[in-house]
Amino acid sequence: METLESELTCPICLELFEDPLLLPCAHSLCFNCAHRILVSHCSTSKPLESISAFQCPTCRYVITLNHRGLEGLKRNVTLQNIIDRFQKASLSGPNSPTESRRLQPQRPYTGTISGTIAGTIGGGSGTSGSSARGSPATSSHSHPHANHANHTNHTNANHSPAVVAKMDPRISCQFCEQDPPREAVKTCVTCEVSYCDRCLRATHPNKKPFTSHRLVEPVPDTHIRGLTCLEHENEKVNMYCLVDDQLICALCKLVGRHREHQVSSLTERFDKLKAYQVSPGRVSDAVMEASKTSAAQTLENNLTNLVKRNSELENQMAKLIQICQQVEVNTAMHEAKLVEECDELVEIIRQRKQVIAVKIKESKVMKLRKLAQQIANCRQCLERSSALITQAEQSLKENDHARFLQTARNVAERVAMATASSQVLIPDVNLNEAFDNFALDFSREKKILEGLDYLTAPNPPSIRDELCTASHDTITVHWTSEDEFSVTSYELQYTIYTGQTNFISLYNSADSWMIVPNIKQNHYTVHGLQSGTRYIFFVKAINQAGSRNSEPARLKTNSQPFKLDPKTAHKKLRLSNDCLTMEKDESSLKKSHTPERFSGTGSYGAAGNVFIDSGCHYWEVLLGASTWYAIGVAYKSAPKNEWSGKNSSSWVFSRCNNNFMVRHDGKEMLVEASLQLRRLGVLLDYDNNSLSFYDAMSSQHIHTFEISFLLPVVPTFMIWNKSVMILSGLPVPDFVDGVALDHQEQQQQQMGLCRQESPYLTGMKTCH
């Protein structure tokens with residue numbers, strides 16, 4: 001009913017149509033309202049009878065009147081009948097739509113009399129042709145000129161922040177006939193027109209329907225336009241089609257494709273969607289359960305994701321803006337540096353030009369001085385020769401025999417002498433002094449200048465794993481670089497590898513990294529490393545433009561080398577081969593007894609000469625023909641008067657004839673091994689709390705102890721026949737390394753799911 005009532009409301013008086021006229025544009029208008037429009041056009045020079053046209057307040061269509069005036073327009077009888085029936089239905093109860101409409105603010109029309117006048121007199125800049133049935137007014141206020149201060153406060157309170165942000169203080173009045181128009185003081189959202197103070201008083205008297213118009217601070221015309229229908233030009237959307245889920249206008253519902261569809265008012269749809277998005281803390285659980293729909297949940301989820309994405313985009317944009325600012329700063333710095341460097345080059349060229357020009361001038365003066373001296377010598381010789389020729393010619397012309405004979409002899413001698421010594425008469429002339437043996441060749445310098453360019457950071461170097469070598473406490477790292485000639489120096493960084501695969505996070509933890517700066521060659525040897533330990537290495541190539549890191553390389557030191565300690569060997573054992581071989585010797589030797597020495601009946605053992613408290617170490621034992629032995633590790637406090645493995649401080653792998661077993665804390669467990677076992681590999685991974693045994697010849701895993709080491713351990717060896725030989729300080733073989741890594745992953749990922757404890761053996765891993 002509310003939607004129907006809005007369709008039956010006059011766009012001028014905002015009341016139900018009374019004696020409606022059917023305009024040629026298919027819109028309707030109260031007869032009295034049409035008459036008021038004509039009256040508003042009247043003036044002293046233009047009486048009412050002379051007005052022959054006016055604009056439709058809904059669509060701005062120009063209505064032409066004949067000589068009968070408004071009486072010449074048709075009455076909308078059908079609309080009047082609908083209004084009569086509507087009024088009868090609304091009077092049937094106290095909550096009728098008419099009563100509700102009279103108690104609530106009226107729906108303002110977007111094209112009032114003032115808007116019509118603005119379109120006709122003010123040049124048509126008032127409102128666009130749109131539907132008279134707009135969105136409901138949000139508030140009503142008193143006449144804008146009754147109390148200007150109160151009116152200003154009221155409009156500011158109703159003015160949304162978005163509109164305030166877009167205010168333009170230079171908006172002109174759209175109603176003025178003055179050219180240029182006066183500056184607007186208010187914008188009527190209902191009329192969609194901006195007015196100056198004079199026009200506002202003239203067009204908005206303090207009476208209905210203008211008291212319900214919403215006045216705000218001046219805003220551009222484009223900011224107060226409503227949404228228009230896509231199918232009906234100049235018709236504003238004023239309802240929501242629930243079937244097609246889109247905004248429509250009144251014509252879409254009356255005569256368009258939505259006439260059979262269920263529709264809802266914009267206010268109702270707006271309130272419903274807003275209620276879906278209220279958080280549970282703001283409404284009761286019952287209301288939330290009643291209002292939640294799949295569409296609302298989707299909207300809320302999408303909105304949350306959109307807000308999150310916007311936040312990420314804002315952060316990313318902030319970073320990009322910061323980078324852009326840094327680019328600007330760096331560019332300006334490099335441009336200034338370019339000008340400075342080029343100016344220095346130009347200054348050097350200018351100075352060298354002056355120096356070379358001075359040298360050329362000095363050489364010119366010296367050469368010209370020499371040439372001038374030679375010219376002077378030639379001139380003197382020429383003068384003497386010319387004088388002799390003249391004298392000789394005069395003698396030949398003498399006819400007096402006595403005079404001729406008197407001078408001829410002297411002249412003949414002088415001519416003969418001059419002819420014979422021509423080298424005296426013609427001085428030496430150096431023809432190489434013409435300055436043609438100098439050249440200005442700057443081709444090399446030109447090529448260098450043509451190659452001028454900015455310097456970039458060198459490409460990342462590459463660590464050559466196959467060239468790197470290691471001992472138990474050193475690692476030599478080798479690397480190559482594509483930009484060998486542009487690299488000023490290298491920097492080597494390394495740290496102990498903790499198994500962390502995120503190298504970026506590992507690299508950012510700078511406190512644990514050791515740095516070796518200013519390396520000039522492509523290799524470096526690091527000393528003082530822990531034995532049997534993995535390390536991560538980075539190489540940084542550096543020049544004036546910056547630096548770049550290589551990919552990480554994982555390298556490891558070899559196992560700790562050790563020998564058998566004679567002070568721990570049982571008196572019936574003989575050590576040889578530089579304390580690397582132990583052999584059972586029944587002949588009792590006189591050896592001094594010490595607390596470190598194995599003693600007791602049957603405890604034929606010896607320990608290594610090192611205690612291990614970190615790292616991963618591997619050694620092998622050549623068993624030879626021995627068929628009765630026990631090999632493992634023990635704490636220093638382990639008893640020396642009993643078999644290894646009989647106490648809680650030792651762990652061993654042993655063979656007793658054809659049986660192989662592991663032993664700890666007096667508990668034994670049989671394991672599978674080949675009778676041809678001749679080379680036993682032992683891997684002690686102290687950092688990962690494991691002790692493993694391998695058949696080194698067949699690369700087969702035999703058994704692994706999982707031990708929570710509390711103290712340093714020492715390798716221990718026991719034999720009851722034959723002899724064994726120790727090979728220590730070995731690198732961990734590839735097959736052992738792979739098994740050890742798999743074992744670590746099982747520990748970390750499966751958390752001991754593979755552990756199966758024997759009823760008589762605790763603390764041992766039996767699955768292999």
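A Cβ is built for glycine as well, from the same backbone N, Cα and C atoms used for every other residue.
Curation does not apply to TrEMBL; its annotations are automatic.
Record features, source TrEMBL:
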- 296-330: coiled coil (COILED)
- 89-98: compositional bias 'Polar residues' (COMPBIAS)
- 110-119: compositional bias 'Low complexity' (COMPBIAS)
- 128-141: compositional bias 'Low complexity' (COMPBIAS)
- 10-60: domain 'RING-type' (DOMAIN)
- 224-266: domain 'B box-type' (DOMAIN)
- 396-455: domain 'COS' (DOMAIN)
- 457-560: domain 'Fibronectin type-III' (DOMAIN)
- 542-735: domain 'B30.2/SPRY' (DOMAIN)
- 89-157: region 'Disordered' (REGION)
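Residue counts for the domain 'Fibronectin type-III' (457-560) under DSSP (helix as H, G, I; strand as E, B; rest coil) come to 15 helix, 46 strand, 43 coil.
Across the domain 'Fibronectin type-III' (457-560), the model assigns an average pLDDT of 87. Each residue of the domain 'RING-type' (10-60) gets a DSSP state, and the totals for helix, strand and coil are 13 helix, 12 strand, 26 coil. Per DSSP, the domain 'B box-type' (224-266) is made up of 6 helix, 11 strand, 26 coil.
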